[in-house]
Each structure stands twice: as C-alpha cells, then as structure tokens.
Amino acid sequence: MAAQGFLLIATFLLVFMVLARPLGSGLARLINDIPLPGTTGVERVLFSALGVSDREMNWKQYLSAILGLNILGLAVLFFMLLGQHYLPLNPQQLPGLSWDLALNTAVSFVTNTNWQSYSGETTLSYFSQMAGLTVQNFLSAASGIAVIFALIRAFTRQSMNTLGNAWVDLLRITLWVLTPVALLIALFFIQQGALQNFLPYQAVTTIEGAQQLLPMGPVASQEAIKMLGTNGGGFFNANSSHPFENPTALTNFVQMLAIFLIPTALCFAFGEVAGDRRQGRMLLWAMSVIFVICVGVVMWAEVQGNPHLLALGADSSINMEGKESRFGVLVSSLFAVVTTAASCGAVIAMHDSFTALGGMVPMWLMQIGEVVFGGVGSGLYGMMLFVLLAVFIAGLMIGRTPEYLGKKIDVREMKLTALAILVTPTLVLMGAALAMMTDAGRSAMLNPGPHGFSEVLYAVSSAANNNGSAFAGLSANSPFWNCLLALCMFVGRFGVIIPVMAIAGSLVSKKSQPASSGTLPTHGPLFVGLLIGTVLLVGALTFIPALALGPVAEYLS
C-alpha cells in the first residue's frame, strides 16, 4: 500500500505541475496588463458598455473596488436567499431561509469559504444555487486573484503609486481564466455522468420496492467552478462524495487537479513577472514539501485503522469509516489534504470519522493560514506574508535591513505583515473559547470530550481561514453558530486583504536596489528551509495548546 500511495502522490504532483505551467504564462500576461491574443476587441466593447475606465488605481481605490463588489454581492445574495420562495426555478417549492442562515450562507459564499449549515437538496432552489451561489463562486475567486495581481505588481513595479485597475482585472480574470476553464471542466463532468438539468426531483422505485426521491439540478456547472475557484460548497449535502457531483474515479482526479491548478499557476506567474522564475519555483518547493509530508501522515494514520474499533474486537485493519468505498483510504486521504491545504473545503469523506491524527493534519493545514497552495489568490498572498516574515527574521540574524526582490522591508511593512498573520489565529482561538464558554456554543456539540472540542476547533478554524469543510458532529445551524461563523468568515477574509493591500501600496512606491554580496538569496534551498521553518514555527507556537486539548488528547486516550 505504501507503493500505491507514493505513486498516487507522484502522479498527482506531476500532472498538476504540467497543467499549471502554461496557465501561469497566461496569468503573467494579465498581471503585466497585456491582453490575451484575440481579446482586445471584446474587452473594448465590454468596457465601453459597462462604463469601465481602465485608469490605474492606487491601493486604496483598488481595495475600495474589491470591498464594494463583495459587500454588494453579500447584500444581493442575502435577500435572494430570504425570498427564494418568490423567485423562479423552485420546482420543490422550498421556502426562504431564516435570517441567520441566510446571513451565514451569504457571507460564506462571498468570502470564498462555502461553509454550509444546510443541506443543499432540501434547502435551496435551483435559482438560489445557480444565480446566487455559483455567481459568487466566480466573483469570490476573481477577487482573491485580483488581490494577488496587485501584490505581485507591488513587488515588480518601481517608484509608482498605482497597482492596476480592479475592474479590468476582475473582468479579465472572470472572462478569460475562470469561465473558459470552468466550462471545459463542466462539460467533462457532464460527459462522465454528473447532473445538469432543471427537472423536478424524480420519484423512483428501488430494487427493494421502496420509493425514493432523487434530487436533480444544474450540478455540473456549479461543481466545476466550485473546484476551480477553491470554493468547495456542494450542490448536495454529501458534497463530492455524491455520485451526481462526482460520478467516477476520473472526475475525482480532475476535481483534485482543478483545486490546485490556479494556485500553482499563480506561483509560476509570479516568477515570470518578477523576471526570475526561481522565485516562483522556491514557493512551489516550500508548499510541495509541506504538502507531501502532510499527505504521508494522513495516509499512514488512516491505514493503521481505528484503534477504538480494534479494542472492541472489530476487524479494522484500515479506517474505512466515513469513506466512499469507490475511492478508498488512500484517495480519500489525498483529497482531504488537497481540500484543506487549498482552502477549498470540498470533501469525498467524512473528516469527522478520520483517526485522531488523520483529522488533525487537515485542521492544522487550515490553522497555518491556508498557505500550502491555498485558495486562488489568497494562498499565494498568504504565503507572501510568511516570505516577508522569513526575510525579516533572516535580516535580524545577519544584521542587515531585510529586503525582498530588491525592495527594503521597513517597519510599516512588518507591522502590517504581523497584523495580517495574527488575524485568523485570533479569530480561531477567541471563537473556540467563546463557543466553549457559552451554553449556546456547547449545546451544538454531539460528542463529549476531546473529540467534541476538536469539532468546535475545526469549525472555527475552517470559517476563519475560509475553508468551509467541517467535522460534521456539530449542529451548527443555530443563531449563535451562524452569527459566530459568519463573523469569523468575514473578518478572516477581509481582515487579511486590507493589510495585504496596504503592504502593496507601500511596496509599489519603492525602488528596487541591486543585489549585493550581502543580499540574502531568496530562491535557493536555504531560503526554502527558512520559509518552511517560519510557517511551522508560527503554526506550532499558536495552535499546539489547542491541538493538545483536542486531537492529541484523543490520540493519547
């Protein structure tokens, strides 16, 4: 089984790296404000029709555009969900959502989290799924990519005060990156057997003679952008373990590839725009090392079996509880690490049923800030924060002013970096503490002891870091949990974007200094090790006490 696991990991890494390289070149053109071939005329007509000016923006204007679009989208989606019973494409006559669930869901999809306190097939109409959630899957992904576009320009431009035009970037990302790739993936899913229709739910008779109601809907179109945009919210409650969403082993492999495609391509694009492709490869090496180690740990833990079942005399040589038999332990373990490393949150297995160590790794990947590939855009700008921190630490050790790509990293940048890095740990630890101190928080726990605490910690970690997956043993559809997690999702998303954009505004005005004999190389194995160490150190110092009360205590008990 070890050989099978190694082959699976190696094949996955090879395929997504090969696919991401050409996409990275296309993204580099967009970052450099060079239209893709054959798109100039279409863009000119669209910009004119929409009244979009291509005048460049400073960081405050760029940030205002991103925030304005997302807040408007939140309001529209909130009222759409409240009044879905008045809207078309609702063959099951599903009622509108309660205010707290509508708020939680709207914030969830606008922030690219896709936390779901509901079952899609029994709660949302086709219109809400298609015009509400799927639209936000595109816009939230485009927003994250636009932010990293601005940050990359800040590192590569000299003595300027503008970072591009947010509206131009959003349109280009949506039209020329997300839409065509998502369309190809959706067509492939349909060919493989995923649903794509507007039929009412179908009553069928099973082979045992019982009646069953099969849900229908425009699934494939939402599934494609759900994975490509690292959104993760399922059309059905079972998410990607549902055969109508993920019908074959081939679609499952493509879903994993789609999750990592854009985050990897952005690393290639960064190196190309920076004029030193080694910089992008350095980031990919750091991410890949952490990723492979985490996959190996989860596979090992799940192959060992469930010790509690073994103690009861059951045959549990491997831990198949909560896993699809058509995917198995190894693929389920790989998918769990992919979806939590990349802030996607889609699942093909119940993470709540993983072993203590097997469930701790996905939780920890979220807690370090979703920087191991991470979400589209958000993963790379999150990792760039750790790059700046690593450069600062190295500068302290060698007694030089820290710099990255020739730009001095001053006190202002480091204060903003520290602020951005501390946002999500603060939300996770304070949110979990609040939940454990209140009756409303504890009443949602379906399990006692360390595992019950792990469910709470996982939920808040998932929300604050915009992942969206869950340990499902938590009854989170209550006003307390819907509001708490909505707050964590909103602040966890925009509380990081704001300082990142401020860092971009500060760096873009600086002039790059030529490298000297005392300049720390940021493209070699030494810096890769320093970056990995920085990520691990911050994660360990912040979350080891909380993890010790949850999965570690469960493992030792």
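Any Cβ shown, glycine's included, is placed from N, Cα and C.
Listed features, source Swiss-Prot:
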- 5-25: transmembrane segment (TRANSMEM)
- 63-83: transmembrane segment (TRANSMEM)
- 132-152: transmembrane segment (TRANSMEM)
- 170-190: transmembrane segment (TRANSMEM)
- 253-273: transmembrane segment (TRANSMEM)
- 283-303: transmembrane segment (TRANSMEM)
- 329-349: transmembrane segment (TRANSMEM)
- 356-376: transmembrane segment (TRANSMEM)
- 379-399: transmembrane segment (TRANSMEM)
- 416-436: transmembrane segment (TRANSMEM)
- 484-504: transmembrane segment (TRANSMEM)
- 526-546: transmembrane segment (TRANSMEM)
Whether the transmembrane segment (484-504) meets the transmembrane segment (253-273): three or more C-beta pairs under 8 angstroms: no
Outside the transmembrane segment (5-25), six or more residues from its ends: residues with CB under 8 Å to it: 177, 181, 253, 256-257, 260-262, 264-269, 272, 280, 284, 288, 292, 295-296, 299, 330-331, 333-334
Contact set, same chain, for the transmembrane segment (356-376): CB under 8 Å, 6 or more residues outside the stretch: 112, 141, 144-145, 228-230, 260, 262-264, 266, 287, 290-291, 294, 297-298, 301-302, 319, 333, 336-337, 339-344, 382-383, 385-386, 421, 424-425, 428, 450-451, 454, 457-458, 461-462, 465-467, 469, 471, 535-536, 538-539, 542-543, 547, 550-552, 554-555
Outside the transmembrane segment (526-546), six or more residues from its ends: residues with CB under 8 Å to it: 282-283, 285-286, 289-290, 364, 367-368, 371, 386-387, 389-390, 393-394, 421, 425, 428-429, 432, 457, 520
Contact between the transmembrane segment (253-273) and the transmembrane segment (63-83) (at least 3 Cβ pairs under 8 Å, separation 6+): no
Residue numbers, six or more beyond the limits of the transmembrane segment (379-399), whose CB comes under 8 Å of its CB atoms: 144, 147-148, 151, 230, 263, 266-267, 270, 283, 286-287, 342-343, 369-373, 409, 413-414, 417-418, 420-421, 496, 500, 503, 518, 520, 522, 527, 530-531, 533-535, 538
